[in-house]
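Engineer: Sharing the features that Swiss-Prot gives for it:
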- 13, 30, 46, 47, 54, 125: Fe-coproporphyrin III binding site (BINDING)
- 183, 264: Fe(2+) binding site (BINDING)
């Protein structure tokens, strides 16, 4: 019996592939407004500080390929064909949907490489994909909305946190705090009833419980440079505040809203947060990001299959 063929649309933010892409990439993020020379110079400096253009593009591609491989390995009913769609650079989400349509894919499942739902992120990715599919007359698309509660995802982070705490001296362990963070979004999402902040808190609760950590908080990072208020506290301010109020001597940063090594982690955490801990004379720890770790890829595969089972697929 031949297997059913299904498109696997993996969506992510996207990143410049080379330095020449910086301007058009950030122009797209800024809805067509070109970044100033100062902004571009600042961005170049940040990328240089992390060793050149972020590794995100290669990691995202690897995550998507490994996910398709894993899905085809663990079940025999469906043959998944992977299509990668990015938010701010080619292949855009629409390009991927168009490619599926041209390849004769009639049904597809989408997943965004971001664990939490928000109107600004996951909703906009899935909205763009559905809109393009409707415009073309196919494929029929079912979308994963969030996956932060997946036990295997929580286990990935809990295992890394346990390893990190095990590497500390006893004194550090007793005086350590875990900061679980995600990308800040404009504060107005709270008034809109967006579940994003609550989902980050739940993620932190799950990870801390599984890792056996009692001292933990959530923080926000990488806020945009706009006049409107963004979700806080920012992780750098939070680090100073926790040090002053509680006297912690070791800070463990888990940027659980992200899934790979990229500018927001390699610069905003590993450089900016570390500058703060160095200034305070305390220890900085940041467990490895999921990237294409088999444990994380298996978590994503489980999310996709569980979603399809709920949609009535016989798997």
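Including glycine, each Cβ sits where the backbone N, Cα and C put it.
Thinking about packing and proximity, how do these listed features fit into the structure?
Structural biologist: Within its own chain, residue 54 (Fe-coproporphyrin III binding site) has 15, 16, 47, 261, 262, 263, 266 as residues 6 or more apart in sequence whose C-beta sits under 8 angstroms from its own.
Its Cβ placed at the centre, residue 183 (Fe(2+) binding site) has 24 other Cβ atoms within 10 Å.
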Engineer: What is the separation, in Å, between the Cα atoms of residue 13 (Fe-coproporphyrin III binding site) and residue 183 (Fe(2+) binding site)?
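Structural biologist: That separation, Cα to Cα, works out to 12 Å.
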Engineer: When DSSP states are folded down to helix, strand and coil, where does residue 183 (Fe(2+) binding site) land?
Structural biologist: strand
Engineer: Reduce the DSSP letter at residue 125 (Fe-coproporphyrin III binding site) to three states and note it down.
Structural biologist: helix
Engineer: Can you figure out which of 30, 46, 125 (the binding-site residues) comes closest in space to residue 264 (Fe(2+) binding site), comparing Cα atoms?
Structural biologist: 46
Engineer: From the Cα of residue 183 (Fe(2+) binding site) across to the Cα of residue 46 (Fe-coproporphyrin III binding site), what is the distance in angstrom?
Structural biologist: 17
Engineer: A 10 Å Cβ contact count, applied to the binding-site residues 30, 46: which residue has the minimum?
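Structural biologist: Least crowded of the binding-site residues 30, 46, by Cβ count within 10 Å, is 30.
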